[in-house]
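So that you can see what the record holds, here are the features copied from Swiss-Prot:
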BINDING   Lys9, Phe57, Arg85, Thr91, Arg102, Asn112  ATP binding site
ACT_SITE  His115  active site, pros-phosphohistidine intermediate
Amino acid sequence: MERTFVYLKPNAVRRGLVGEIIKRFEQRGIKIVALKLLWMSKQQAEKLYEMHKGKSFYNDLIDFVTGGPIVAMIVEAPRVIEMVRHIIGDTDPLKAGTGTIRGEFALTITKNLIHASDSKENFEREYKIFFSDDEIIDYYLDVQDDI
């Protein structure tokens, strides 16, 4: 099984889309193994987005993601990184496909509702910003019989 880090940005929480987004993952057999509601600190945001430091959008992005509560989670399934990226759609909502989370609900590139790790290496770096290993719960999901 593969794992990835996902977080729902403040606008997803404020717009009441948390349940809808989680439902889309669960309907695809994706198992949530860690989940928390929190207010991202500036330090966490700067660490998460360190590769964008110095870019024109960096300060606005940091202000946005620290401006309200987020839902952070670790999810698990075979090929989950690829699957989650497909479900959420392109970073730019105008390029995100119909039926994707960003294609249906996102308004701008920065305020695109959701972040997901794009590689195993980034998952390993990103989840540790928000979770300790003892917060990850391993359990059996009935849908695993169908995988």
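Cβ coordinates are placed from backbone N, Cα and C, and glycine is handled just like the others.
Recorded features from Swiss-Prot, shown on the structure.
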residue : record           : DSSP class
Lys9    : ATP binding site : coil
Phe57   : ATP binding site : coil
Arg85   : ATP binding site : helix
Thr91   : ATP binding site : coil
Arg102  : ATP binding site : helix
Asn112  : ATP binding site : coil
Could you measure between Arg102 (ATP binding site) and the residue listed as 'active site, pros-phosphohistidine intermediate' for me? Cα positions, answer in whole angstrom.
-> 10
Just name the winner among Lys9, Arg85, Arg102, His115 (the recorded positions) by count of other CB atoms within 10 A of its CB.
-> Lys9
Entry from the binding-site residues list Thr91, Asn112 having the most other CB atoms no farther than 10 A = Asn112
Cβ neighbours of Phe57 (ATP binding site) where a neighbour is any other Cβ within 10 Å | 12
From Lys9, Phe57, Arg85, Thr91: binding-site residues whose CA lies within 10 A of His115 (active site, pros-phosphohistidine intermediate) | Lys9, Arg85, Thr91
Mind computing the max CA-CA distance among Lys9, Phe57, Arg85, Thr91, Arg102, Asn112, which the record assigns to ATP binding, rounded to whole Å?
-> 22
